[in-house]
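Worksheet for the structure shown next.
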């Protein structure tokens, strides 16, 4: 293992096997990890420091200090200390609980025992270079569920030169290979390095690495060399903090608190001026029996009065607001987790609120960005149709077609019982194609890193596997180079039609036109298509190419670029074989869900990598594209000028301004940020827009992106096809930046992660493509149709609950504060109280925590399925009727947009709730009390200085009862 701690920035990592002194000289990180934030000594100061980042907490600490000054405060210190300690304590307990769990996890991971030489373990504890294994050809099988959520087995293979070490401890202990590789990073799918051993250089890539978090499967033992340990491992490099998403309510609360501070300062200034006026006009009448203390005059009394009223009127600042909001959000997230109508029994997958801070944002969604495959469809592929050499089936051509399907893939086979083959594919497409080849007599049996064994029409044939040119989102194709038993060398390639067509031999033009017609027919049926091609290679050329490939693969500089050039070189002048088509059916309820979301004035954009015809057909199947639409525009130009010419803006809105209007405004806590918004252009009717990846690349450029945004936002439905993961994120960010609307992205695969993270709210579908989308999401469930319930039920209710709570909360605080404010006119602005401090502290805590407890108890009983699951027989009706969308007798979906978005938390509504308490306490002061009572009120502040505590408590209690009677 490596020792020390990483203290410097690396450009390349150097290490030598079995040479501790050499490795220690670089001070690499050891293999311990630390995810906890605190320890026993640092918890209190660090946690308090973090909590004091909130402006309200700092204010109340300052307030408590003021209350310790007798000349300023008329309140006991505990009136602020008790609620402040409660708020800080609850947050500290939560933080401590989370950190204790992190400490336990760290201890469990760090104390796993592993032999420093023989890594005979199920879970790898560091990032290793595989040296040898028990399997033939030094293979190991690993599961990467902890890294990317995928449970299918993946194969890793050691270099042949290190595989010769076997399980000999003596040979391994004498191994002195040197490794030069990339520095620690978070790229799970890439590794670049070189092994120097016996004066020879060998290329190292991700297929030779065993990453921390992987699980060893179907392998008896393996040996490895530690490359990265502890915090340097790729797993830990990916465990950094996620992007913190904040809701519009969070931003509103921060601004409100800041405005309240300003309002408090104004009230205190009024009180200080009033005190100065009262002391100069009336104060001399009381100096006979209440003279000023030494050094005190009217001016100083006014100054002290200002700070006294900062204390007395402190209730206007909501000390418990943040804690109360978090408790409400937590309760609302439980409602999502408990909803039986969002539970998918086939996969035993319930809905999950993976974050508790975004619930109310679900009620304000304006744009939805959705993947297609696996999100709208089932992602269960079935081989449906194929085109071979321009016709249905041939003889030799058909054999070449299915031979390619049996050889060009990364599928792993497992024979669970004699004759029972089970295929583990990294994608459903590959599994469907290999299964189709087996059904037509070309059975893929097994593979090693150097061979592929198949059964072709009853004959066992073993092909030598020379090279695998992997698929990625940029190449959009995959190739294998094999040599058959007769020595014939062939490159088989499959990929997207647009990619393969660019690399075909000119002699294939006629066949390409026929195949394109077939592809259009398949796409019209909603099928996913691939084009298949091959190329025969010359032995001499291949040897030269392999030599250059080896040189590029061991290069540490621009390795990927050099390899891409070699791939481009050999994957040209291909001969077209045909095309395949697999079917991916829609999920249940998708068309109905999209139709109902559209009724709620939510616009849906589909961002998919499928070809245009397939995406268009799915659009009609999902009710996104409808015949009653006025027009559906297609943008497929390959130049910026062409994209600009195909812009349908003028057709939809002839009166739209030629230059996009960008409205700029100030935003942020102190209005230090600049917000830009492109207003919506009014259109008559519904339109649709389809744009392909080439055109989208130009449309997202600086000169055209605003025009594209205006055009797309005029349409009810937008479908972007042939897009990359980066383009998905760019589209989401464009809408976020210039529309200032709440966005939601939903997907199921790793290619959707960037889009999910870019949106305000990310939703992951737990489907057939692993769990990467779910792990990066804020909410997750198993079927797209549950999105309707998440937004129209849970989202709307969470938003309305939070809005009503905020209005009530500020009304409560302002009611008591204005009671004190108006009472100042009866006590000579002397900062005396009209309510007993013990009484108000108890009432405030009771109303805050008691009302929250009662609210959630009633809501849990009436509206959730939690009670149904606990007392099934006693309450069979709970959670069904009142919590159902389909049984509502009113137009439920329009309730999502009525009242208008943000209306429950608009400044006008909040001003109403804050304004009402300003005059309601005047009912008390406007009453005509007996003269003796008036004297008590006016003299209250002075009499308290001479009376004992018992009489003052009686007077205050009477005042409190009178005030509350008017308010209630």
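Every residue gets a Cβ built from N, Cα and C, even glycine.
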Of the residue ranges 37-55, 56-74, 75-93, 94-112, which one carries the transmembrane segment annotation in TrEMBL? 75-93
Name the residue range among 828-845, 846-863, 900-917, 918-935 that TrEMBL annotates as transmembrane segment. 846-863
What parts of the chain pack near the transmembrane segment (306-325), using Cβ distances under 8 Å and only residues at least 6 beyond its ends? 54, 56-57, 59-60, 63, 66-67, 69, 72-75, 80, 83-84, 86-87, 90-91, 249, 253, 257, 260-261, 263-264, 267-269, 271-272, 802, 805, 809-810, 813-814, 816-817, 820-821, 824, 830-831, 833, 840, 844, 848, 852
Which residue, out of the binding-site residues 373, 751, shows the minimum number of other Cβ atoms inside 10 Å of its Cβ in this structure? 751
The record lists 371, 372, 373, 430, 471, 494, 528, 608, 609, 610, 722, 728, 751, 752 as binding ATP. What's the largest Cα to Cα distance among them, in Å, rounded to a whole number? 24
When the domain 'P-type ATPase N-terminal' (16-80) is classified with DSSP, how many of its residues are helical, how many are strand and how many are coil? 30 helix, 1 strand, 34 coil
Rounded to a whole number, how many Å is the Cα of residue 752 (Mg(2+) binding site) away from the Cα of residue 373 (ATP binding site)? 11
Inter-residue Cα distance where the pair is residue 748 (Mg(2+) binding site) and residue 609 (ATP binding site), in Å: 13
If you draw a 10 Å sphere around the Cβ of residue 752 (Mg(2+) binding site), how many other Cβ atoms fall inside it, taking every protein chain shown into account? 31
Where residue 722 (ATP binding site) and residue 748 (Mg(2+) binding site) are concerned, what is their Cα separation in Å, rounded? 17
